[in-house]
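Structure, as structure tokens:
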Amino acid sequence: MRNVMRRAMTFTFPLLQSPPPLPISPSPPQFSLSSSAALLSSTQRFFPPSQGSRLRSASLRTLCTKSIVPNIPDSGSPLSYLTQREAAEIDETLMGPLGFSIDQLMELAGLSVAASIAEVYKPEEYSRVLAICGPGNNGGDGLVAARHLHHFGYKPSICYPKRTAKSLYTGLVTQLESLSVPFVSVDDLPEDLSKDFDVIVDAMFGFSFHGAPRPPFDDLIRRLVSLQHYEQTLQKHPVIVSVDIPSGWHVEEGDHEGGGIKPDMLVSLTAPKLCAKRYCGPHHFLGGRFVPPSVAEKYKLELPSYPGTSMCVRIGKPLKVDISAMRVNYVSPELLEEQVETDPTVQFRKWFDEAVAAGLRETNAMALCTANKDKKPSSRMVLLKGFDENGFVWFTNYESKKGSELSENPCAALLFYWEILNRQVRIEGPVERIPESESENYFHSRPRGSQIGAIVSKQSSVVPGRHVLYDEYEELTEKYSDGSVIPKPKNWGGFRLKPNLFEFWQGQPSRLHDRLQYSLQDVNGNPVWKVHRLAP
């Protein structure tokens, strides 16, 4: 990336040797395209602790860019790969008439790398990060990525053996030092990197690199290659994340001798370089999304769409997942009988408020489980719209499947799952319709579009096509465009579940979860909530 600036930064120390001519590689296997979301930047991510309380960071937008190789036949989406020359030309365009600066591109690249790492390797299990940074812009990307990883909750260390005496790079070092991120010399690194680190960021050389690495980078690459032998012994070893190009690879021919780094993750910047067609690891991400349409059109770039506000998108072959090995070892505060409220509704409100404060999306989303008269169950996600000592309320079409089942069998179960807090709440009890006046009031508190949608949707009935719904929606929108009252459908309203059982679940290590169940019991003719601990 940023080859224009590289041309202006000629390093005088002896890093390179001229390699022999490389053979042309056969056609590589084709990959498929998928996407995933990434972490968003937080307000204090760009500032050291001394300034974080006083400064607010500006929102970062996004980063990324070509030789078009239509592949990925299974997804139907072509993907561009860049030659070295094409990558340099695109950088020249971006940093010339389009006004991008080297520090802008480096910041976006580093953030994309950090976001890609956080997408796969969570800090709870992969907190210890070593970023090995080279003297050029690829090394700068690694320095920026390390800063963002620090703010993401990781514990990065930096190995930066050939520092560049340019203000951009010295500034990046100062930023990391202000965060107390340690710098480690090559001599102080352990020979076996597997004991001290969970993730190693390979940011030594990028696409402008030619030749064979000289000391100390040749030895560092050797150490990374040696980590791959742990796979054969099934020992846990650090994952290797390469920035744009696995160091030592030829930018177009890849690891042509077969003895180079085989990273667990490759984060391509702009567009994948031709060598990425040789990448066979499990995680290939594309970082950034800043390429203007004029550049995409000029170079006929075919790039994937980025999800939401994400700084990265997964590309390459579909990830193979061993479902049986998927697990999380929960770490949570204990949930003890003497700590909970005597009233489960009060305890629910406490947990609900904590979930809202944690920033969960749709904290009020719940699984609603019903059964028909034949005891055949069904479930779906709905939104809780109110709760108090009288019960839990949601709204729906009374003629929908859930509405019909509740008419036949007026009992239900609710399930809330708040993943960030390692918490679940189960609630069971009989269900009744709420008064028509309450349904009427709530209906008219909804956005007008939602009111019209409730009329249009004969919920759970078969429709000939999406256009039927939209045509009727547009017709009714026009009908009520004067602001007149939209009548509530007679078959639409609320249900209330009156709980007779609550269970509060808190995830704990080794599957020894806390489960506290509240059940209604009769004591001297009065209903009283009793709390019991259940085995996990």
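Each residue, glycine too, has its Cβ placed from N, Cα and C.
Marked as (6S)-NADPHX binding site by TrEMBL: N137, N138, G139, G140, D141, G206, F207, S208, F209, H210, G211, A212, D244. Under the heading K(+) binding site, TrEMBL lists N138, D202, S247. Among the features that TrEMBL reports, domain 'YjeF N-terminal' is placed at 87-303.
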How big is the gap, in Å, between the Cα of G139 ((6S)-NADPHX binding site) and that of D202 (K(+) binding site), rounded to a whole number?
9
Within 10 Å of each Cβ, count the other Cβ atoms and name the one among the binding-site residues G139, G211 with the highest count.
G139
By a simple count, how many Cβ atoms lie within 10 Å of the Cβ of D141 ((6S)-NADPHX binding site), its own Cβ left out?
34
Pairwise CA distance, F209 ((6S)-NADPHX binding site) versus D202 (K(+) binding site), rounded so that it is a whole Å
14
Between the two most distant Cα atoms of the (6S)-NADPHX-binding residues N137, N138, G139, G140, D141, G206, F207, S208, F209, H210, G211, A212, D244, the distance in Å is 21
Per-residue pLDDT averaged over the domain 'YjeF N-terminal' (87-303) comes to what?
91
For F209 ((6S)-NADPHX binding site), the number of neighbouring Cβ atoms whose distance to its own Cβ is within 10 Å equals 23
Take the mean position of the Cβ atoms of N138, D202, S247, the recorded K(+) site. Which other residues of that chain put their Cβ within 8 Å of it?
I132, G134, G139, G142, A203, M204, F205, G206, S242, V243, D244, I245, P246
